[in-house]
Amino acid sequence: MLDINFIRQNPEKVSRMLEQRQQREDIAKLNQLLDFDVRRRTMVQRTDELKALRNKVSKDIAVIKRSGQGSADDLIVQMKAVADEISGMDDTLKSLEAQIEELLLSLPNKLHEDVPEGRCADDNHIYREKLSFDHKLDFPLDNHLDLGKRLGILDFERGAKITGAGFPVYTAKGARLERALINFMLDQHTSVNGYTEVLPPLFVNRESLRGTGQWPKFADQVYYMNEDNLYAIPTAEVPLTNMHRDEILDASDIPLAYAAYTPCFRREAGSYGKDTRGFLRVHQFNKVELVRYATPTTSYDALQEILSHAEGILQALKIPYRVLLLCSGDISANATKCYDIEVWAPGEGKFLEASSCSNFEDYQARRANIRYRPEDGGKPTYVHTLNGSGLATSRLMVALLENYQTPEGSIRIPDVLQPYTGFSSIDQAAE
């Protein structure tokens, strides 16, 4: 969340940020927050004055009682009235602070100066692209749905029977190819890029969702187990970031870099009218996630590193892609700056998002209370957190199948994956 001191000192800047994000309705929340903040500070000052008066009156009563001269009854009555007022103000303050925190949690992050202004995804900027891999696709192309069904490697109908729409089944060489993708990406990120592998829980508590910003703003997107008060993770970003919640790290611990493979679960509420065929929008998918902890002076270098690591996977797989710098109206509420990587799916005839790489600066760290001690021994300060998909396999699988299809209807396996799959092509319905 944003620092209340920053909001107090820069209300116009925060209001402008909300306009840039196309969240003008939140300006009312900002104004309410500023009003509550003034009331809170006034009440704190008044409470401090009353407590000072209570201490003085208490000492005066003690002096009168020790001297045995005069009556302290009037002072005792006065002190009781002061104590009652303090108690009432403390209760009001507690309620006011809870409302302030709720408003702070609901406001989005500030925007980096490089973020282009725009209203929606159409205004995102192409940052760079790499489309010139040698895939000879000069024949009628199938999409991943038709390829998967014909080759017997993907079964969406049985997934729908078992669970419901949006829960795919991988079979035979499709399952092995999915596992190969996951293992290849983990090996790249750990052995080559230097990330520490983590195998985290798949369910988290509400405090963890609040720490990364999924709660309360995106509460309708997560699956909830009512009896256990736990949530299925929408991304490994949640457990990886909350590993250090309520901790003070040493400067020598920074930077931290974690990589994790997990299934991810998303309700995709509000997806009505969007293309939900096959892997284009699913409720369960696999992803290798990258999370970094950095200092304020190094976090934007770390963002470029995460982006290059995600791109490196696509370059090794020789899958055409482009990188978008998201505009102010499309960037997530939690991020200060974000790049999306979109893979080219020739069978679909369009680009598909396969990764988002974001810097949150101290927005998540404030929510999760993650700090570090500077090397000079100064006061602990908040870390900067970053994350990137490295990558999500569902849309990556779409691009792989569609780019590596042959005129004969087979699928060639990328060279870097063949040691993991144990086969070089998929050309028959089942094993």
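The backbone N, Cα and C atoms fix where each Cβ goes, glycine too.
The L-serine binding site annotation in Swiss-Prot covers T235, A236, E237, E289, S389 and is backed by sequence analysis. A236 (L-serine binding site) has a Cβ environment of 27 other Cβ atoms inside 10 Å.
Same-chain residues at least 6 positions away in sequence with a Cβ under 8 Å from that of V282 (ATP binding site) are, in sequence order, G166, F167, P168, E268, S394. The ATP binding site annotation in Swiss-Prot covers R266, R267, E268, V282, E353, A354, S355, S356.
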Chain-mates of T235, A236, E237, E289, S389 with C-beta within 8 Å of site centroid, L-serine: V238, L240, A260, T262, C264, K287, L290, V291, N387
Just to verify: the residue among E268, E289 with the fewest other Cβ atoms within 10 Å, which of the binding-site residues is it? E268
For the ATP site as recorded (R266, R267, E268, V282, E353, A354, S355, S356), determine the largest distance between any two Cα atoms, in Å, rounded to the nearest integer. 19
How far is it from E353 (ATP binding site) to S389 (L-serine binding site), counting Cα to Cα, in Å? 10
Using DSSP and collapsing to three states, where does E237 (L-serine binding site) fall: helix, strand or coil? helix
